[in-house]
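Under the heading active site, proton donor, TrEMBL lists 111. According to TrEMBL, the N(1)-(5-phospho-beta-D-ribosyl)glycinamide binding site annotation covers 13, 14, 15. Look at TrEMBL and you will find 69, 94, 95, 96, 97, 109 tagged as (6R)-10-formyltetrahydrofolate binding site. The domain 'Formyl transferase N-terminal' feature in TrEMBL is assigned to 4-181. The annotation site 'Raises pKa of active site His' is assigned in TrEMBL to 147.
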Ligand code: GAR
């Protein structure tokens, strides 16, 4: 099957580039993957340059151009539907999504903590500063609850005495492992679709 992917991002875009490297126009198992949409809500995001290296122009939908979260989400839904994507991947997409999005789009989100711990925008710092001996990363289905949908994949590591820089680098390295793997597992039917 040809699997069409939409990737949504807001900034650096290292996970977008990793998806492009690992999945875009690649046949893995019984599926061929194609990133049909790179969508960003910030016109200066570095990820836009990363997508260009693959010949892909990002679609910019700036949330500041819309009066409400719902109006913004309606455009996101429209762009994703128009692209024909089978799955939307939130890879560092830093917007809270309304039911307009969550009820209409099948999406997964990457989050830099062991959910349900450290939800929200400061997960790396909060998990680094916590008393927990382990930290990790999660990929989960997107539902109406922020960082709250069913977990697809998690990977943990021991914090030991890592510096903040090494801790953050470890988080990103694990993200780069589990996000493409989660996508592959979904389409190889190794994980159940959410109800
Ligand atoms: C990643 O660490 C991702 O987990 C995080 O944003 C970063 C994006 O990095 N997402 C969240 O915190 C979502 N709540 P990238 O732009 O280099 O891919």
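Note: Cβ is positioned from N, Cα and C throughout, glycine not excepted.
Keep in mind that TrEMBL annotations are predicted by a computer and have not been checked by a curator.
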Query raised in the report: Which residues of the same chain, at least 6 positions away in sequence, have a Cβ lying under 8 Å from the Cβ of residue 15 (N(1)-(5-phospho-beta-D-ribosyl)glycinamide binding site)?
Result: 9, 91, 92, 110, 175, 176, 179
Query raised in the report: CA-CA, which of the recorded positions 14, 97, 147 lies nearest the residue listed as 'active site, proton donor'?
Result: 147
Report summary line: Ordered by sequence, the long-range same-chain Cβ contacts of residue 69 ((6R)-10-formyltetrahydrofolate binding site) under 8 Å (at least 6 apart) are 63, 95, 96, 97, 98
Query raised in the report: Given that the record lists 69, 94, 95, 96, 97, 109 as binding (6R)-10-formyltetrahydrofolate, what is the largest C-alpha to C-alpha distance among them, in Å?
Result: 18
Query - Spatial neighbours of residue 109 ((6R)-10-formyltetrahydrofolate binding site), counting only the recorded positions 13, 14, 147 and Cα distances within 10 Å - result: 147
Report task. Fewest other Cβ atoms within 10 Å: which of the binding-site residues 95, 97 wins that one? Let me know. Result -> 95
